[in-house]
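According to TrEMBL:
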COMPBIAS  1-21  compositional bias 'Polar residues'
COMPBIAS  43-52  compositional bias 'Basic and acidic residues'
DOMAIN    133-700  domain 'Major facilitator superfamily (MFS) profile'
REGION    1-94  region 'Disordered'
TRANSMEM  131-154  transmembrane segment
TRANSMEM  174-192  transmembrane segment
TRANSMEM  199-216  transmembrane segment
TRANSMEM  222-246  transmembrane segment
TRANSMEM  258-280  transmembrane segment
TRANSMEM  300-319  transmembrane segment
TRANSMEM  413-433  transmembrane segment
TRANSMEM  558-581  transmembrane segment
TRANSMEM  588-608  transmembrane segment
TRANSMEM  614-635  transmembrane segment
TRANSMEM  647-670  transmembrane segment
TRANSMEM  676-696  transmembrane segment
Amino acid sequence: MDDGYRNTNLYQGGRETNQVSDDYRYQDGNYEGYAPNDGYYRGGDEPTHEEDAQSDVTEGHDEDDEVYEGEYQGIPHPDDIKAKQKKRAPAMDDEYRDRADLMAERMEDEEQLAHQYENIIEECGHGRFQWTLFFVLGLALMADGVELFVVGFVLPSAEKDMCLSSSNKGMLGLIVYLGMMVGAVMLGGLADKLGRKKCLIISLAINAAFAFLSSFVQGYGFFLFCRLISGLGIGGSLPIVFAYFSEFLSREKRGEHLSWLCMFWMIGGIFASAMAWSIIPHYGWGFSMGTKYHFHSWRVFVLVCSLPCIASLVALKFMPESPRFLLEMGKHDEAWMILKQVHDTNMRAKGEPERVFTVSYIKTPKQVDEFIEIQSSTGTWYQRWLVRITTTFKQVWDNVLYCLTAQYRMNTLMLAVVWFTMALSYYGLIVWFPDMIRYLQEEAYESQVKVFDEEEVSHFTFNFTLENQIHRNGEYKNDKFIGMKFKEVRFEDSLFEDCYFEDVTSSETFFENCTIISTVFYNTDLYEHKFINCRLINTTFMKEKEGCHLDFEEDNDFLIYLVSFLGSLSVLPGNIISALLMDKIGRIKMIGGSMLISAVCCFFLFFGNSESAMIGWQCLFCGASIAAWNALDVITVELYPTDKRATAFGILNGLCKFGAILGNSIFASFVGITKVVPILLASSALVGGGLLALRLPETRDQVLM
């Protein structure tokens, strides 16, 4: 290698602090001092290249057919330049060189590219292009936020529509996290091999298709499967979004604007809460086809929640691939064209269309991987696809293992612990808060129960609702129960003789140790399991109701929507503060400080014994913890090189979703039993993760490798 490559003097262009070699000093807007074979980009003052290497497609012309200064003029590919160098100087062919030497050369190339790319992005500026991409990727992130809330909002309605048991409800709540965990690892890894844009489109398409489909399927099994695959798609989009956007940002903008991007997760939560509040309680917003197919309001809500994903998918078709990724793949010309597009878009928006993109050549790293091109005549079509898929997944697996090599092992392990502890506490508490509020409501509801002892009723017609009552040792003879509802009603040690039940619906209603003689049940949902240790003598059940039949509009409690809405809204101050301070105080202090403050908020939950207190502490906890989430997203992007970035983010985000599954399961099991275990577990995890985060390397002054 040229000794000039190893020179690490200061880069004297728009910023004097950028570390690059003296071979590409930037003075007065021009890049000077490049040798034709140095592997770096040159300004418009360089000598004209050979005509046979010029590109008519990208060559710029004005009205007099003159070449613009700095326009791309068909500079040969870096591999072509190196081939000419090899002809002039004896060198060993790559196939005979040690792989370690090739990797060392690639790493050296990557370091040079990192500094050069930083300066190119600074020349392109931050403007209309980045803001357009910001909103497109923001919609994808918004879809992620929506997805986490969908199941929680539809469960109260879906459990009645599908007659879900407690175990079924729990599985439906966890299945989305399971899908997101698998999707983050799998699609995040593929994004480092197939491209950011392509894999993000695949992720969003999977999510949109199966989220849309889940609103129409009737059976619990199909609905569960659709939510699983939908979660797989949205889980894969998260690591790609941050890797994709970061590669269009300069060092000084990266921390702030990645933090602003995180606000779309909050917007997704607010959108889901508002839509649930305005749609689900309106049970009539649907239709039925016969007696088997029902499309209720909660299905309309699921359909509406797929809109951000669909909008992002459509808009993404008009955005380019990441040029940083293309350079890693050796696609110099495509990367140059995209960077020129970014530059020209921003300059036109700033009112400076005459500004010329001075970059004419960009360093591309040494290509070490062996790509096997399979001819169409080789084997059968499925054999060719099998080879391609196997090769791709082997490369993804190699990337996963690379994140655990000596160079990155400690950072990966520390980040894994921080991600896991943060997810265990945050997602566990996010589920625990509404469950605790619901438990407090149930306690208050049970305290108002009415008890009737030894009542005797005969020849009476019940055609109204009975709610929150206990009837003990009663006698009911020749009574009729017609067109009525039982809600939270228990009959204990009672006698029913010559009674008639017709068109009755019930919720949490049971008959215990009752004697039922010569009684007819017609078109009711009083099924066998609701009669506990009862004696049924000459009793007839005719035309039982199918499914679960309750007045959804009356039964839905809007408080769950209000709690989620306030929880999402409460992160707004934390988002703003973290965005403004991310590049000033650094990522490490942001993570450590946010997690420790969240632990303090969590500890004070011991004093929350009312609904309002629980809601208040939830808002404080969410607002304090969001800064740690934002900083984790930023530092994870910056700690890994471009060809491993999405893979590493996917692994860590997958571990995060595993922590969410554990947190949901553990915290939910202590609702109504004790507050001590959830609060101490969450606080301890946050303190431990926050202290460990302080040992991570600070990345705010590093270029994006």
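Just so you know, glycine gets a Cβ as well, placed from its N, Cα and C.
Against the transmembrane segment (174-192), the recorded stretches 199-216, 222-246, 300-319, 588-608, 614-635 differ in Cβ pairs under 8 Å, and the greatest number is found for 222-246. Sequence-distant contacts of the transmembrane segment (614-635) (same chain, six or more residues past either end, CB-CB distance under 8 Å): 242, 254-255, 258-259, 262, 266, 415, 418-419, 422, 425-426, 429-430, 433, 436-437, 440, 563, 566-575, 577-579, 582, 587-588, 590-591, 593-595, 597-598, 601-602, 604-605, 608, 690, 693, 696, 699. Only pairs six or more apart in sequence are counted, and the transmembrane segment (222-246) with the transmembrane segment (413-433) gives fewer than three Cβ pairs under 8 Å, not enough to call it a contact. The stretches the transmembrane segment (558-581) and the transmembrane segment (258-280) meet in space: the count of Cβ pairs below 8 angstroms, excluding pairs fewer than 6 apart in sequence, reaches at least three. This prediction places the mean pLDDT of the domain 'Major facilitator superfamily (MFS) profile' (133-700) at 82.
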